[in-house]
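Undergrad: Handing you a structure now.
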């Protein structure tokens with residue numbers, strides 16, 4: 001049993017949202033002024049990093065990774081593949097938007113409505129598939145979700161009209177929104193506590209890896225196939241079938257099965273009961289998660305969406321040079337996500353996020369104003385190292401904060417609502433950009449050319465500051481159990497139920 005000091009520390013890590021009684025039951029938010037003041041006073045002490053000895057021991061990830069057994073690695077791999085191909089499918093449109101526009105005889109702006117539709121409907125998918133994953137298990141919702149990717153990608157390659165294109169991409173938005181929460185739950189449910197940070201970073205960078213694969217296969221397929229962009233979508237339809245097959249041969253996660261074992265009522269009643277309890281206890285936490293994820297999504301979109309435009313329109317990069325720089329950025333993202341995800345395991349989630357914001361802020365100037373290829377490549381590598389490094393902390397951080405019985409739902413919905421809030425990033429940046437036109441050598445404004453570097457620098461400075469403040473004020477439950485806390489009475493009831501089941505099995509065997 002935890003000592004009183006340990007219990008105080010655990011409660012200090014929680015917002016005035018959660019108060020834990022001695023019997024283990026979590027209580028609704030305590031919003032009394034004295035409770036809020038006590039929580040605010042705890043924000044600095046709870047950032048304290050571990051001792052030098054613990055830091056040295058924990059810095060090496062291999063001992064923690066060796067604790068992951070083969071089945072757990074398979075869960076991590078299938079989740080990584082699902083999230084990677086989700087990103088590949090999403091970026092297939094943005095990478096081929098010009099070609100699609102030419103084929104369908106529409107403007108590129110019209111085609112980008114397909115991307116907007118995806119962003120608008122992702123929250124619907126997060127709700128539907130998140131609830132399904134928490135109610136009926138991770139396995140079959142994951143398989144259905146990936147099968148939808150297969151059908152939609154295949155159909156995308158056959159569209160003949162603009163309306164067909166929008167309809168197919170709207171369905172893709174639902175499928176894309178559903179996969180994130182389930183991937184996070186599948187990868188982290190059974191992951192050993194010590195390895196969660198590393199695996200969180202690895203999983204999150206499936207998104208950057210998917211974009212990198214999209215760039216590579218777009219160059220290899222679209223420009224070498226007589227079918228052009230359609231061939232890229234037909235190719236993209238194949239891997240989801242293999243991922244479905246992979247997941248089919250894996251069982252349910254042990255954590256999900258244990259969660260169902262602990263329920264003392266029928267499955268349906270238990271789910272409704274847990275839902276009411278989660279709303280009562282976690283409502284303020286869920287609001288925080290949406291604000292936090294909005295900041296994180298603004299961070300990624302603000303540093304990525306307009307960057308290719310800045311390279312080609314302002315820096316006059318060729319397509320090949322722009323591809324190289326964007327690939328360098330994604331390599332930085334991959335390295336940062338895994339590195340900072342693991343560092344958060346011993347330095348803490350909040351402290352890691354805050355350090356990433358501070359160093360990322362220091363890199364804004366060279367990232368936005370470098371004029372040489374080498375300077376841009378170096379600055380974008382390290383800026384994305386810390387942007388996506390902060391993102392590497394996200395899957396495990398929000399999983400530990402979410403209600404265990406509804407983790408796939410809350411993680412997915414908070415992510416997608418944050419994404420929806422940030423979907424206007426590029427529009428905001430381009431609108432602000434019109435206030436900063438480029439000036440030619442003759443001192444006159446250049447028509448249609450804007451200083452996107454300055455705009456993105458201003459925008460990212462605000463975003464880093466916002467995420468820094470939210471992370472400082474927010475809660476942390478590092479190494480929290482991913483199972484629902486139960487009261488002593490619930491544990492006893494579950495034990496009695498288990499004994500009754502065992503007795504019934506024994507009697508059946510005797511009569512047989």
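Even glycines carry a Cβ here, placed using N, Cα and C.
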Undergrad: From 380-398, 399-417, 418-436, which range did TrEMBL mark with transmembrane segment?
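TA: It is 380-398 that TrEMBL describes as transmembrane segment.
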Undergrad: Pick from 165-185, 312-332, 480-500: which range does TrEMBL record as transmembrane segment?
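TA: Of 165-185, 312-332, 480-500, TrEMBL gives transmembrane segment for 165-185.
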Undergrad: Among 54-72, 73-91, where does TrEMBL put the label transmembrane segment?
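TA: Spelled out, TrEMBL records transmembrane segment over residues 73-91, not the other listed ranges.
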Undergrad: Under TrEMBL, the annotation transmembrane segment belongs to which of these stretches: 229-250, 251-272?
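TA: Of the candidate stretches, TrEMBL labels 229-250 as transmembrane segment.
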Undergrad: Please figure out which one of 111-133, 165-185, 281-300 racks up the most CB pairs under 8 Å against the transmembrane segment (73-91).
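TA: Of the candidates 111-133, 165-185, 281-300, 165-185 scores highest.
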Undergrad: Short question: most Cβ pairs under 8 Å with the transmembrane segment (351-368), which of 140-159, 197-217, 281-300, 380-398, 455-475?
TA: 455-475
Undergrad: So which of 197-217, 229-250, 281-300, 455-475 is most in touch with the transmembrane segment (140-159), counting Cβ pairs under 8 Å?
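TA: Result: 229-250.
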Undergrad: Can you work out which residues elsewhere in the same chain, 6+ from the ends of the transmembrane segment (380-398), have a Cβ less than 8 Å from its Cβ atoms?
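TA: Distal contacts: 184, 187-188, 196-197, 199-205, 208, 289, 292-293, 296, 299-300, 303-304, 307, 325, 328-341, 344, 349, 352-353, 356-357, 359-360, 363-364, 367, 410-411, 414-415, 467, 476.
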Undergrad: Report the listed stretch (197-217, 229-250, 281-300) having the maximum count of Cβ pairs within less than 8 Å of the transmembrane segment (455-475).
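TA: Answer is 281-300, with the largest number of Cβ pairs below 8 Å.
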